[in-house]
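Visitor: Reproduced below are the annotations present in TrEMBL:
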type    : residues                     : note
BINDING : His94, His96, Glu100, His139 : Fe(2+) binding site
BINDING : His94, His96, Glu100, His139 : Ni(2+) binding site
Amino acid sequence: MVKAWYIDGEELVTDEKVKRSERHLNPPQYISLDELRHRTGVQCERVNVDKYDTDDSLQEICREKGYQYSDILDIHPQRLENYHDKLAAFYTEHMHPDDEVRLVLKGSAYFDVRDVDNNWIRIGVERGDMLILVGGTYHRFTLDCDGYGKLFRLFGSKADWSSFNRPADSHPARIAYVEKAVMGF
């Protein structure tokens, strides 16, 4: 089940164990999924991963948002080429011009996103959790301490992994995101 909380994400973290830990503030400051959506635009869904390819709610989201292409990313040292380099790239703060849709098929991980006040929120996801990050959302990704994740990824009319490292404030997708944030998503 998706859980979200604020973290102190400003310091440069190079230790993998620290990156992959929950990194709670002291005391912990959780955020509801409604507040998460209001403050970041992130949409959270629950999907039956045993039947994800025929799940009605997932099919409806695909129709509604125009997602037509999908693939599977298996994040494991023996199955992902350049595993450590890819994880480092995923953890670098960036944004995508299009929505980023990820369904966790196996394992667990964290997505860190910036809220409207530029604070970091860590989103913990596990099997069956699906996140939709609006195009233009500054974020980063890491596995948790278990070190494994298998993700189903959805895209628009083509597979586009284009990303732009922060700062990318002049990118049209980021400008549109900020406009949506001002309106409260």
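Backbone N, Cα and C define each Cβ position, glycine as well.
What's the neighbourhood like for each of these?
Guide: Cβ environment of His96 (Fe(2+) binding site): Leu133, Gly135, Gly136, Thr137, Asp160, Trp161, Ser162, Ser163, Phe164, Ala173 lie under 8 Å away, each six or more residues apart in the same chain.
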Visitor: Just checking, which of His94, Glu100, His139 (binding-site residues) has the fewest C-beta atoms within 10 Å of its C-beta?
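Guide: Checked His94, Glu100, His139; of these binding-site residues, fewest Cβ neighbours within 10 Å: His94.
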Visitor: Residues other than His94, His96, Glu100, His139 within 8 Å, Cβ to Cβ centroid, of the Ni(2+) site?
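Guide: Here the nearby residues are Met95, Leu133, Thr137, Tyr138, Ser163.
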